[in-house]
């Protein structure tokens, strides 16, 4: 697999594809009718006006300024011009820290690549082991790898020394980056403007009480046990209502479409079929049909609202509890509330935009069962996906297949066809197989019951990383080796098979090079083109837009897809660390990915993406942990590889590296991770004191009143009776419906729930 000509053909195809995408982007982005597609962030901020307001009819649609076509690459320096503090204010800390991951890749791999290319490549190339071993299938790329170094050779000490250099350089870079990001997070939280989640905790598994409703029970418990308690908002199971509202909105869009269609041709009333997607069923007047359907849904919506407001069963044992100070919220969120650790479970509330409302209605006892089922499902999904991975590897190893099945040779004998199949097809086929996977994994995370969008993204990212590690990395190596050395496996003794595998693992570098070019070069260039949002915007603009407000809603700025993009970055970290001491020729391809991605995503964050939430870079510990895992995997694989090279003396030396890496991870976890999990009480007091001094008349109750109301009730927040009134501060007694709380025996089931009040 993967001769230099195959790699060259794949590189040519992907470079031309990337250049084509970039040229198309450079032309499309400067056209006035595409302005809202490529600069939606500035429209949402209200700092950009449409260039289509020009008096010239043609210039409303086409850019007539020839100078802008000559400066078509000016977006690149513009993407790098905004300093990081301004980027944080403009796009948020999550976005700024996300692009630092690409920068981290450059910091890590530039020195490693320079060292590997200047030292290891000559060491590998000047050996002639593969040329003397006729039983193995190899190519020019393999001659640059450790596979070309003979067994027991003193040259292997260069690879061992390289492993130590990589490990300690990775320690240095990761420590500095963790320290910088932790400091950025603490500064961001200290300087951040007031937000509802700074004063609010989410309480789950509120225990039932025979005398009080959920709302009364929450108020009673926190009034007794927390002096800074201010108010609370119970959570209603409004999932059915939300579905009705979404369906109604969809029908309203169709109504607008048919009304616009009728306005363009008043002489003919539009018609539609009532069946699935309008493909079959009775043909009716479209405008009248959708008006009637919307009216029916409006009645159903009102009925469902009344049911929720009057049915106590609609109230879930979950509440958002707000406090008078950040200090009070921090104490509550970071402490155990009851002697029974399974009730009154508190955690920091997600910011209002970050709440995933459908999962708040899931009973707490179901969560463990759901997560167990999804863990089993993930195992089987990962296992069965080995089948398409094996198919991809069969494409990538034509020479090996020809040895076993020579009757296929006439089909792939032509050099150009063979180079295309080996150099380009495996990467693009694997990319296609992975397209639907993030959506499947996100659905599984939602079933697990996570209550925030950021939490869903982090859990989905963990699943996706595991999947990429097992299938794309291990699966490609194992199945590819099996296909590539199938003839050797058949004719060798069982004792010789591990040696064959050990020598063949580095040979998969050529496959991963093609994958990097497809996914990391052409794929990133396609990201900046935004072809799907471009098409959807013009479809909506043509059929659904009546006003400027409609046009704003037609924009789809999107956001950073952390659940799929971060694991993909981690795959490149894994490949770089694994192959740095084995086949360093792969590193320039990875460096090009990190550099190009940094440029593209910085541009997208500045001009396009509008983040759904802000977590304050809470994902960074996951980023650090996965790089540590990649480093340990690289050390273990190198240890196994050296053992097949009969370098037994190196085993104790390389065994030290995983131990040091685990120690380093524990050190960083204890040193920095608390900054991403907890909010320091000292910082909370400072921020509260400053706020009281600068805003002595702040009405915090009014500020928090509607913050955590379900979106379907926001339009009628005043009538919904959402926030509970606080008891008067001067009243030492807490109102309760219980007849005599003091008469309850000491071992009453309510005693540990309510605490004591003297």
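Placement of Cβ uses the backbone N, Cα and C atoms for every residue, glycine included.
Unlike curated entries, TrEMBL annotations are predicted automatically.
Here's what TrEMBL has on this protein:
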TRANSMEM  6-28  transmembrane segment
DOMAIN    9-177  domain 'CSC1/OSCA1-like N-terminal transmembrane'
TRANSMEM  97-121  transmembrane segment
TRANSMEM  156-175  transmembrane segment
DOMAIN    198-359  domain 'CSC1/OSCA1-like cytosolic'
DOMAIN    370-642  domain 'CSC1/OSCA1-like 7TM region'
TRANSMEM  372-396  transmembrane segment
TRANSMEM  416-443  transmembrane segment
TRANSMEM  464-483  transmembrane segment
TRANSMEM  509-529  transmembrane segment
TRANSMEM  571-601  transmembrane segment
TRANSMEM  623-642  transmembrane segment
TRANSMEM  649-667  transmembrane segment
REGION    726-758  region 'Disordered'
COMPBIAS  737-758  compositional bias 'Polar residues'
* **Interface check, the transmembrane segment (509-529) with the transmembrane segment (571-601), three or more C-beta pairs under 8 A** => yes
* Which one, 6-28, 97-121, 623-642, has the most C-beta pairs under 8 Å toward the transmembrane segment (649-667)? -> 623-642
* Asked: What residues in the same chain, six or more past the boundaries of the transmembrane segment (623-642), come closer than 8 Å to it by Cβ-Cβ distance?
  -> 101, 146, 156, 159-160, 163, 166-167, 170, 174, 177-178, 465, 469, 502, 505-506, 566-567, 570, 573-574, 577-578, 580-582, 650-651, 654-655, 657-658, 661-662, 664-665, 668
